[in-house]
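Just below is one structure, and these are the notes that go with it.
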Amino acid sequence: MRANCSSSSACPANSSEEELPVGLEVHGNLELVFTVVSTVMMGLLMFSLGCSVEIRKLWSHIRRPWGIAVGLLCQFGLMPFTAYLLAISFSLKPVQAIAVLIMGCCPGGTISNIFTFWVDGDMDLSISMTTCSTVAALGMMPLCIYLYTWSWSLQQNLTIPYQNIGITLVCLTIPVAFGVYVNYRWPKQSKIILKIGAVVGGVLLLVVAVAGVVLAKGSWNSDITLLTISFIFPLIGHVTGFLLALFTHQSWQRCRTISLETGAQNIQMCITMLQLSFTAEHLVQMLSFPLAYGLFQLIDGFLIVAAYQTYKRRLKNKHGKKNSGCTEVCHTRKSTSSRETNAFLEVNEEGAITPGPPGPMDCHRALEPVGHITSCE
């Protein structure tokens, strides 16, 4: 597609033979590491997370796609609009504004699936949203970029990475399909695979984050504005996604899922599109943003998970104390009731085995209750 590029720093034509400057000499290593590790991570994660998907629930989301519709509205409605507002509000340079907008137009990433699992979200909805947003990106990415850049005076060919989108779909759907099959055939074993996959996925996320920071240290620039946007952008996505899901009367489980899906973007797709569309000279100014965004969305995700697990643990301890107190009271009351019941039965037995016809006093004594039988509700 065609977008416009402005100002005195007009974007020159792409040059595949141009050598990268020192600031981006990690280009080859970074691309190789992120491609290989991300592909392996995606395959392992989606297979293990696919073991948590039930065909019945997945089909219900497809038949009544209200949650998916809300998620797509957040993904291709709120995120591109937020990116546009941030680019305008911070008065970014043209190439930097394009980088922010491309990030906002990208589909959701698989990182949201592992975070959704850790916050007890709706895994069926999470995987459905990731798949549907990736498919929708084939048309929504060029449409959103065109709508938000038609008034900008930039002159640059933006290449939509359709091949990358296709690879993402393959790496997403095939492992999930195998995971769903394993969960259908061997439900007990799938629970073990799911737990192992969650741990391995967390470790791989940390490895990718550290590797990205270390390998791309030469590409970080000192533009505090881009770093600020990369910090607040995923937070805005999480908050607005949660509020929109809450406004549309989704369950708390779905609200957490949609929130994480909205703020987590496909970083690899954004980097690929920038590399295909811009020269090395402009990548120096642009590549730091998706890398910083990826780092901050990891940090935000871990903070959300930590906050949820802390809240969950405190709530569990609170209910545990209440239950233990009730158990003690119930045990005491049951012990007292048992003794009173035995005494009551002993009195009746004495009255029952007394020979001869019962007199008035005997009848009164036999019918007189000795204690009150209580129960704990």
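A Cβ is built for glycine as well, from the same backbone N, Cα and C atoms used for every other residue.
Lifted from Swiss-Prot, the feature list:
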TOPO_DOM  1-29  topological domain 'Extracellular'
CARBOHYD  Asn4  N-linked glycosylation site
TRANSMEM  30-50  transmembrane segment
TOPO_DOM  51-67  topological domain 'Cytoplasmic'
TRANSMEM  68-88  transmembrane segment
TOPO_DOM  89-97  topological domain 'Extracellular'
TRANSMEM  98-118  transmembrane segment
TOPO_DOM  119-133  topological domain 'Cytoplasmic'
TRANSMEM  134-154  transmembrane segment
TOPO_DOM  155-159  topological domain 'Extracellular'
CARBOHYD  Asn157  N-linked glycosylation site
TRANSMEM  160-180  transmembrane segment
TOPO_DOM  181-195  topological domain 'Cytoplasmic'
TRANSMEM  196-216  transmembrane segment
TOPO_DOM  217-226  topological domain 'Extracellular'
TRANSMEM  227-247  transmembrane segment
TOPO_DOM  248-266  topological domain 'Cytoplasmic'
TRANSMEM  267-285  transmembrane segment
TOPO_DOM  286-290  topological domain 'Extracellular'
TRANSMEM  291-311  transmembrane segment
TOPO_DOM  312-377  topological domain 'Cytoplasmic'
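Taking Cβ pairs closer than 8 Å, the topological domain 'Cytoplasmic' (248-266) reaches residues 66-67, 70-71, 74-75, 78-79, 103-104, 106-109, 111-112, 115-116, 119-122, 125-126, 129-130, 133-134, 168, 234-242, 293, 297, 300-301, 304, 308 in its own chain, all 6 or more past its ends.
Using the rule of three or more Cβ pairs under 8 Å, pairs at least 6 apart in sequence, the transmembrane segment (267-285) is in contact with the transmembrane segment (98-118). Here the topological domain 'Cytoplasmic' (51-67) has, by DSSP, the following mix of helix, strand and coil residues: 11 helix, 0 strand, 6 coil. With pairs at least 6 apart in sequence, the transmembrane segment (160-180) and the transmembrane segment (227-247) have fewer than 3 Cβ pairs within the 8 Å limit; the two do not touch.
Residues 3, 5, 41-42, 45-46, 49, 52, 71, 75-76, 79-84, 86-87, 92, 126-127, 129-130, 133-134, 136-137, 140-141, 144-145, 148-149, 154, 156, 158, 165, 168, 172, 194, 198, 201-202, 205, 226, 229, 233, 256-257, 260-270, 273-274, 286-287, 289-290, 293, 297-298, 301, 304-305, 308-309 of the same chain lie 6 or more positions beyond the ends of the transmembrane segment (98-118) yet place their CB under 8 Å from a CB of it.
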